[in-house]
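Pulled from Swiss-Prot:
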- Ser72, Gly73, Glu74, Lys75, Glu76, Lys77, Thr130, Thr131, Lys142, Lys151: NAD(+) binding site (BINDING)
- Glu184, His247, His264: Zn(2+) binding site (BINDING)
Amino acid sequence: MGNIHIQTKSKEYDVHVGKEALSHLTMIVQNMQPAVSNVMIISDEAVASLHLQTVIDALQVEQDVFSFVVPSGEKEKSFENFYAAHTSALENKLDRNSLILALGGGMIGDLAGFVAASFMRGIRFVQVPTTLLAHDSAVGGKVAINHPLGKNMIGAFHQPEAVVYHTPFLQSLPKKEWRSGYAEVIKHALIGDVELYHWLKEEVQTLADLRDEKLIHILTKAIPVKANVVSQDETEKGVRAHLNFGHTLGHALEKELGYGNITHGDGVAVGMLFAIFLSEQVYKVNLAYEDMKQWFLKYGYPKMPRDLNVERLVQLMKQDKKANAGAIHMVLMQEYGVVNVVSISDETVHIALEAFQKDMV
């Protein structure tokens, strides 16, 4: 069992990680001041069928507990479900002392968090992540829904009261979701914990190694990387953008291929490889791109699709939240553990993407 303390300018809270983390949930709710009036659990159909009753049973409180369940999938992080959640909250008489509990992966955490941020101008919420990917999204307070023209374009910064990372919930994940979440673990290692990066290369030979004590070790090492960045820059005015390493191309791939047709982590993995590929050219350094590519492929991460239109990807990358005055800004790597946000011309990105696409045969 491991506890990680998160400190930001707006709030302090704990991340409870381990096989018995769910046992903390009742005390977390009971200790809140002012007292919680009622609880609304937001989940998706897949997670609810597996874990909703377990959480309700663990939540031994006197307050009324309601649930709002949406279909599964990234495309459900929509305005329609956001609006429907508000309707459910009003129908169940939630008020400013109510608590929203986000039970699910990153999609649910984002959706439920944004509902909490906006309902009556902001009420409290707790994250109960059920995926490895959510070790990233559940911490830091970024909550959002998607717009047809871009991912996470409508949202807010709203920190949770706590994060309860009950690792047994992860055991039901399909292989593609383990791989997706592991990409964000790799990202945290590359940008902020080089020792963790070397440990991963030695200790995680296959995705099946992401279990038991190794899993808890990974979570208690990767989450503090994000916590450290968020403590310095809660609202992404500076160094927090470093957490977007791999995301400029990754988000473009998700948008171009269609949400749900490529997992977030697979997109980020391709994006990280491209960022390393481009970083070697921009900084004139050797980042062992070829070794990194083989390491990623060993885990089953996809190659850059050969049939995608490069110019279309460039235009999508210009819609990224880091873009400024229509110019692409990417997180590039000077060396392992040292990254910077860099403005890159469309032409440079286009040429590099074409070369990267050909290299990923």
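Just so it is clear, glycine is given a Cβ too, placed from its N, Cα and C backbone atoms.
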CB neighbours within 10 A of Lys142 (NAD(+) binding site), counting all protein chains shown, number 23
Same chain, 6+ residues apart, C-beta under 8 Å of the C-beta of His247 (Zn(2+) binding site), given in sequence order:
Val268, Gly271, Asp320, Val331
His264 (Zn(2+) binding site) versus Ser72 (NAD(+) binding site) - Cα distance in angstrom
14
So Glu76 (NAD(+) binding site), by the Cβ count within 10 Å over all chains shown, scores 19
Taking only the CA atoms, the spacing between Glu74 (NAD(+) binding site) and His264 (Zn(2+) binding site), expressed in whole angstrom, is 9
Pairwise Cα distance for Thr130 (NAD(+) binding site)/His264 (Zn(2+) binding site) [Å, integer]:
15
Cα-Cα separation of Lys142 (NAD(+) binding site) and Glu184 (Zn(2+) binding site), in Å?
15
Cα-to-Cα gap, His264 (Zn(2+) binding site) vs Glu76 (NAD(+) binding site), nearest whole Å
14
Restricting to the record's NAD(+)-binding residues (Ser72, Gly73, Glu74, Lys75, Glu76, Lys77, Thr130, Thr131, Lys142, Lys151), give me the longest CA-CA distance in Å as a whole number.
21
Rounded to a whole number of Å, the separation of the Cα atoms of Glu76 (NAD(+) binding site) and Glu184 (Zn(2+) binding site) comes to 22
Glu184, His247, His264 excluded, remaining Cβ within 8 Å of their centroid (Zn(2+)):
Leu133, Asp136, Ala183, Lys187, Gly246, Gly250, Gly265, Gly267, Val268, Gly271
Looking at the binding-site residues Ser72, Thr130, which one has the fewest other Cβ atoms within 10 Å of its own Cβ?
Ser72
Secondary structure of Lys142 (NAD(+) binding site) (DSSP, helix/strand/coil):
strand
